[in-house]
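**Student:** Quick one: structure below, then a few questions.
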Amino acid sequence: MEEDPNYLSLKNLEYSMPRSRASSVGNVAVDEEAKWLSWAETQFSTIAGEDRQIDLDEFKRAIGVKESFFAERFFAQFDADGSGYISLDELLDGLHLLTKGDPVDKLRFLFKVYDVDGNGFVDRDELGTVLKSCMEESALKLDDNQLDELSSALFEAADTDGSGTISFEELKEELEKNPEVLENLTISAASWLRPPTKRKGQKSLLPRYLTWRYIHNNSRKLIFFLVYFFVNTTLFVKRTHDILKEHKDDSVGSPWCLAIARGCGQCLNFNSSFILVLMLRKSLTYIRATKLAEYLPVDQNISFHKMVGYILAVFSLVHTIAHVGYAHSISSEKLTAIEILLTNPNATTLGLGIVAGSAYITGWSLVVVLTVMVLCSLPIVRRSGHFQLFYFTHMFYVIFWTLLILHGPKFWYWFTIPGLIFLVEKISQTKWVKLARYGKTYVEDVELLPSGVTHLIVTRPPSFRFKPGDYIFIQIPEIATYEWHPFTISSAPEQQGKISMHIRSDGNWTTRLYSFFEEKQKEQEEEHMRLHCNNFEEHKIVIDKIDDQEDTERPTGSVGNHKHAFENHNDEEHSFAPLHEPENSDSSYMMDADETEPLRSIACQTTWNPRASQRKSPCVRDHKIQVFIDGPYGTPTRAIFQAEHAVLIGAGIGVTPFASILQSVMHRFKASKRTCPSCQHSWLDSIPEDLMCLKKVDFIWINRHQKCFEWFVSLLTQLEMEQAETPFENVLELHMYMTSALGKTDMKGIGLQMALDILHRKGKKDMITGLKTRTQPGRPDWNQVLFTKIANERKGKVQVFFCGSPSLSKVVKSACEKFRFHFHKENF
């Protein structure tokens, strides 16, 4: 049978290649080249199918896109003979160019992709098409004016001869101005189609948990765990030894089963009380303010709580099995094991239970209660939209501890002190105590932000004190009568009167919250529209009369302000007061303060009010929504003011605690600002160490989408303006990352990123966020760039504070271990 000619050409590729390609291959290791050729053949067979040719649709499916300018341009470059299909030889030629070719050849490939009409030059329209495609691939949304501005910036920078087109040499010269861009391009050109490579990491002989880096960065947690393990071991061994010694002469039954059961029972006494200690939030918040916080891992209280819960389940299982074994060993024809365990608990003389004869009944009840609590606490239940199931089954702790007091004759020794503290905390959390302490609190304002985020502002009682980064539990009866949920406070403690929170819709309750205010907003908007339409003519008549009266008193040529305001407003898209308006809105539409009361009420309903912070949103203006607050409770971020160099890392809505912290940091620096009355020179006075030790703050915010930056962009803009003042120079540094944006290492993103760089250098303003700080595409390079730069600044001991997803937390924590940065993670 005759072999496929395409297969023969692949088989003898090293001999049939052009010389330029053969010499390049000669410089590559033989085994690497063999793997590459094998991969290319496999990919071709997978994509091409039986006809051994790749058409445009197959090519698009192979690279994982449905519609793409770049896919079509790549296909055109691979299809050297213009047949509309890519053969095996064409694929190999293109792949070799992109993976192992000369940088200049790759630049020429890029230029051909940009040169859509193939005339050897890139004009403005072609560059605009390329940048628009780059923008779509990066999930960026810019208007036509911004796109034109980007195209003009890149075109003017590259078109050095002013010919109105960009030649290959001009594009090459522009890229060579920035060597790392040229280097990145040589990688990005093959980013879609180069063979996959496996990263060869150096495997450590020791597990990560036994490495010196891990031990050094987690010393408090490890010491605490060792002490906990030692206490459990001591309790088990001592109790087991005592029972074996006491029952060594028993002729009936297995003393080992009884000893193991009693040993596990003693550990259950300790752990059933200790699991409560880990959730004494008010006590832990108090400990954070003392020296004990330096020795106790209070940041990991929830992690230890979960761990102790699982250990409780294990001890309970062994305890139950051991008692079943002992019952079987003392059973007889007159008294079976089933009778001992279920029907006749008084038959034994073990002295179990604080109430005579109740041990086995309460024991089986405890097994059922604990099983339900553990199963409903698993992550698969909590994160699958069944938080209420977790919440209400966790309320079984009252039944659990009641049964334990009845079951274990000495459990109350262990439980008394933690139980009393817990009871006091619970009483302090009741609505009656909160009303007596804080009075009634209401929703003051609401702003619905992109990506389902609710900016909720509630009343701040005068006696409410909190630290930056603290969180509170809130309950809104109109959303859910019995549910309390924790949220970080995003406003600074220095701001009086109101408490703000940014709540992302990520569950039943938070989604209901967003939908509730969204519906309220729609109802209010419809009501405003109805009133506006019904009273339009009446309002206009009133304003016309006032303007006519003012015209008789105003010099000739003067314009009636109110009529002008009304007409201008009538042309606006929104004829109702929105949820929240920019603080820098045009104030020309505002009514004068000395006008008549009826006119002021009309203006309130029909004008764009820039003083959004001074009035309530439509959805809460006419309806008081009561909210109960419980807290505040401390978090790991309380340690930030004792750090010398703090690195704050927020991923998505994880930025919330750092919003409060950044505001508080700038408040404290501003409070230390001093100005010479003679020369007006400003400087920062020394701040007491008990108030703050910070010398430098690096804030890193990572978002997937462009709209997410809108949550706090106004705050960050204000911080940048304050940072620009001389005394605050280099105190705060912002680092913004957008993970959906393609960087300079991707051919689909290099043109857009070059244009954004040029515009940022010209105007000192980022087009994505509007900040002075340039938003970087992709994810941070923690090891090679970011943390290396921070470590080299030598501003003092670096402490990293993180709030975000668990997967990113592991990455950041691993990088911190390499640089010996102390790592703090926000937990709920």
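Quick reminder: no glycine exception, Cβ is built from N, Cα and C everywhere.
Pulled these features from TrEMBL for this protein:
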DOMAIN    66-101  domain 'EF-hand'
DOMAIN    102-137  domain 'EF-hand'
DOMAIN    146-181  domain 'EF-hand'
TRANSMEM  222-239  transmembrane segment
TRANSMEM  259-280  transmembrane segment
TRANSMEM  310-330  transmembrane segment
TRANSMEM  350-375  transmembrane segment
TRANSMEM  387-405  transmembrane segment
DOMAIN    436-562  domain 'FAD-binding FR-type'
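Provide an account of the burial state, proximal residues and distances for the features listed.
**Tutor:** Within the chain, the domain 'EF-hand' (102-137) has long-range Cβ neighbours (under 8 A, six or more residues past its boundaries) at 68-70, 73-74, 77, 147-148, 150-152, 154-155, 164-168, 171-172, 175, 182-183, 185-186, 189, 742, 747-752, 755.
Residue counts of the domain 'EF-hand' (146-181) by helix, strand and coil are 25 helix, 1 strand, 10 coil (DSSP-based).
Within the chain, the transmembrane segment (259-280) has long-range Cβ neighbours (under 8 A, six or more residues past its boundaries) at 228, 231-232, 235-244, 247, 301-302, 304-305, 308-309, 311-312, 315-316, 318-319, 322-323, 326, 400-401, 404, 408, 410-411, 413-415, 418-419, 421-422, 425.
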**Student:** Excluding the flanking five residues on each side, which residues at least 6 beyond the ends of the transmembrane segment (222-239) place their CB within less than 8 Å of a CB in that stretch?
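**Tutor:** For the transmembrane segment (222-239), the list is 215, 259, 262-267, 270-271, 274, 296-297, 304, 311.
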**Student:** For the domain 'EF-hand' (146-181), what are the same-chain contacts with Cβ under 8 Å, counting residues 6+ beyond its ends?
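**Tutor:** Distal contacts: 104, 107-108, 110-111, 114, 120-124, 127-128, 131-132, 135, 744, 750-752, 754-756, 758-759, 762, 767.
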**Student:** In the predicted model, what is the mean pLDDT computed over the domain 'EF-hand' (102-137)?
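**Tutor:** Summarising the domain 'EF-hand' (102-137) by its mean pLDDT gives 82.
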